[in-house]
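Working notes for the structure below.
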Amino acid sequence: MKTVSQLIDMKQKQTKISMVTAYDFPSAKQVEAAGIDMILVGDSLGMTVLGYESTVQVTLADMIHHGRAVRRGAPNTFVVVDMPIGAVGISMTQDLNHALKLYQETNANAIKAEGAHITPFIEKATAIGIPVVAHLGLTPQSVGVMGYKLQGATKEAAEQLILDAKNVEQAGAVALVLEAIPNDLAEEISKHLTIPVIGIGAGKGTDGQVLVYHDMLNYGVEHKAKFVKQFADFSVGVDGLKQYDQEVKSGAFPSEEYTYKKKIMNEVNNND
């Protein structure tokens, strides 16, 4: 399992870091078997596995439930679990209680929290021993305000993102996710931080990349963002399901190959 120190060492050696989301035991098991460096249990599970329209409906209980399953599936991978909307920003005491509950009950290596406004939370969480990954740029929990669009696209916005990135690092963040920002801006931020910067829709100048499992494998998704490359096609599973339906209806399944050979009814009838 990678440690924070090893991830920083990868950055220093310019070894790219791979990160993929996982939301359950089998997907986590696959991601670990593939040798991916980090797993993100993202609140995107709201759309990908729970069928919500956004991350807004995702609860702390949801994140704990799925985080536990992922840890069981990937016991030897660095796992980061999202703080869902409402888990940060109520009061510092409640925020830290939520963070501690999520961190302890999922056995994660770190938690992730969105936005530039959470630097005081990062400081406090770090002080009590909870590693925090920050998330800037497009933050899905705020799409109701900012929308799904490129962030940092003006001079002022870019300068603010650079400042925000420095602030979350100074607050103690162990890594930073940058989403949907210009490539050159992401590269500039990555160069000026000592912590690993993981990009999603931020070009190749970051220290690593993260993609959503269901997006990159075309597994039950209707829309994919511009920055998503499809690496496999899990949608072919529908063809298998259709064939199963046909074979059940025709009586072709189960054939002898898939049937136990033991005969018991002669013995039952002989006892009558």
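Heads up, the Cβ atoms here are built off N, Cα and C, so glycines get one too.
Here the structure is a predicted model, which means the values were calculated and not measured.
Among the features that Swiss-Prot reports, active site, proton acceptor is placed at Glu179. Of all the Cβ atoms in the protein chains shown, 22 others lie within 10 Å of the Cβ of Glu179 (active site, proton acceptor).
Reduced to three states, the DSSP call for Glu114 (Mg(2+) binding site) is strand. Summarising the annotation, Swiss-Prot assigns Mg(2+) binding site to Asp43, Asp82, Glu114.
Summarising the annotation, Swiss-Prot assigns 3-methyl-2-oxobutanoate binding site to Asp43, Ser44, Asp82, Lys112. For Asp43 (Mg(2+) binding site), other Cβ atoms within 10 Å of its Cβ number 30. In the three-state DSSP assignment, the secondary structure recorded for Asp43 (Mg(2+) binding site) is coil.
Cβ atoms within 8 Å of the centroid of the Cβ atoms of Asp43, Ser44, Asp82, Lys112 (the 3-methyl-2-oxobutanoate site) belong to the same-chain residues Leu40, Val41, Gly42, Leu45, Thr55, Val58, Met63, Val81, Met83, Pro84, Glu114, Pro140, site residues excluded. When each of the binding-site residues Asp82, Glu114 is scored by how many other Cβ atoms sit within 10 Å of its Cβ, Glu114 comes out lowest. Rounded to a whole number, the C-alpha distance linking Glu114 (Mg(2+) binding site) with Glu179 (active site, proton acceptor) is 11 angstrom. The separation of Asp82 (Mg(2+) binding site) from Ser44 (3-methyl-2-oxobutanoate binding site), Cα to Cα, is 9 Å. Distance between Cα atoms for Asp82 (Mg(2+) binding site) and Lys112 (3-methyl-2-oxobutanoate binding site): 5 Å, as a whole number.
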